[in-house]
Amino acid sequence: MTCPIESFLQLDYHLYTNPIPETFAPSHFISDNLREELQKRSESSHTIPSMPYHVPEELQGYHSLVPLEPITPERRKFVSWFSTVYRATSINDGAAYVLRRIENFRLTNHAAFGMIESWSRIRHPNIVRVREAFTTRAFNDSSLVVCYDYHPDSQSLMELYFRSMSPSILHGQLSAPLGRIPEATLWTYIIQIANAIRAAHEAGLAVRMIDPAKILLTGKNRLRINACGIVDVLLYDTRQDAGLAQQDDLVMFGRLVIALCCGSITALNALPKALEVMSRVYSAEIKTLALYLISKPAPHKTIAQIMELIGTNRLAREMDEMQIANDRLETELMSELENGRLVRLLCKFGFINERPEFAREPRWSETGDRYIIKLFRDYVFHQVDENGNPVVNLSHVLTCLNKLDCGSDERVMLVSRDEQSCLVVSYKEVKACIESAFRSVSAVSVQK
Ligand SMILES: Nc1ncnc2c1ncn2[C@@H]1O[C@H](COP(=O)(O)OP(=O)(O)OP(=O)(O)O)[C@@H](O)[C@H]1O
């Protein structure tokens, strides 16, 4: 989770959708699940821990720094240094980013930042984008800071699959894995990680850290390798040949696959037992792939070959799933597109109806175009039943607004509240009235 500090305020997401009128057709709006997911992301981007924390007010063009993890005594080291991750807002574009600070790190060779530049040129859907790096004394030490894209409400594979487990499982006593990852999901993960490694290797880089704590799940089954480039800077002086480091990537990848299959990060310490668990639970192909990944380096052992081992069938299936997910999102987007259009129409209504400046001039709203708009507003929103009770029918409202927006020739009978006047007009005519009334309001308005 991006905000693991427990005392954060929790929102009840369903308050946004309840109560749902009986006539409410859910297909008019994005699904509750997607709304909840997006709402959580938005909330994560704004939450701050309630416990006190000390951060510089401004840091090389970033402000509003917020730690994304509690600073506890049992912190793990990042290579040989302690690190802290902050969310921060950029002064340049107002967007949120992640700043990973390596504490007490003294940069001896400025050329090391060349590696960050190389990483920043990689734009890949399975790699958290690297933005820039700098050193700073703003934390009262010499710190290295690397800036990454921020993925709100993401969770690392470590948090998702390993941290909630009992210490015996974390420390290698393998039993049937708790919360076993379905094989289809595992293949999705394998393909995405392999794809990220492929992008890095093709650019002549090595990922150097394929660790469950540094792989983020940023959406449903969507992985991104995080914290790229830092190890290149930290170990710049003792850097390894890129080819050897790339071979190491494949071994780390194999270890990760075994850990995910067995539900233990130390599964490799008892390899025969781990392989037995894998054979029991997963297909032979996963075991073959994992064994090949952890095998000794060889000239032909490359990420391209791993892709071949994964097989075109699986890659094609993954592509199908991605396109289906894309279609689903486009459909959801379409319904919100309609809503955006309708909100603009409603705003126009709001600007025109019951303007207090014209209150002393009833002719403004009681004659011509404006009168039609007033009656139409009543027709859309203020319907009553035979007993005079309000009718709240969202479908009626949406249908009318859609017909209005497209200027349909369909006619509608508008009746005044005192039932003394009655007009038959087309939606097209009402639309023209709204346009003209809106134009006359905006002509005398002070544009902001
Ligand atoms: N780019 C990012 N976008 C959103 N959240 C992130 C990003 N990078 C890290 N985080 C979140 O910040 C927190 C700390 O990240 P970090 O990589 O230090 O993980 P960690 O679990 O503390 O690992 P370690 O034990 O190795 O320190 C995690 O909750 C992680 O999900």
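Glycine residues also receive a Cβ, built from the backbone N, Cα and C atoms like all the rest.
Nobody curates TrEMBL annotations by hand; they come from automatic prediction.
Feature annotations, reproduced from TrEMBL:
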| type | residues | note |
| --- | --- | --- |
| BINDING | R100, D149, Y150, H151, P152, D153, S154, Q155, S156, A213, K214 | ATP binding site |
| COILED | 313-351 | coiled coil |
| DOMAIN | 71-352 | domain 'Protein kinase' |
| REGION | 352-448 | region 'Knob domain' |
S156 (ATP binding site) CB neighbourhood, other CB atoms within 10 A: 20
Protein Cβ atoms within 10 Å of K214 (ATP binding site), excluding its own: 20
Three-state secondary structure, K214 (ATP binding site) (per DSSP): helix
The region 'Knob domain' (352-448): DSSP-derived helix, strand, coil residue counts: 54 helix, 12 strand, 31 coil
Fewest other C-beta atoms within 10 angstroms, as judged across Y150, P152, which are the binding-site residues: P152
Cβ neighbour count (within 10 Å, all chains shown) around R100 (ATP binding site): 20
Span of the ATP site, taken as the largest CA to CA distance across R100, D149, Y150, H151, P152, D153, S154, Q155, S156, A213, K214 (Å, rounded to a whole number): 17
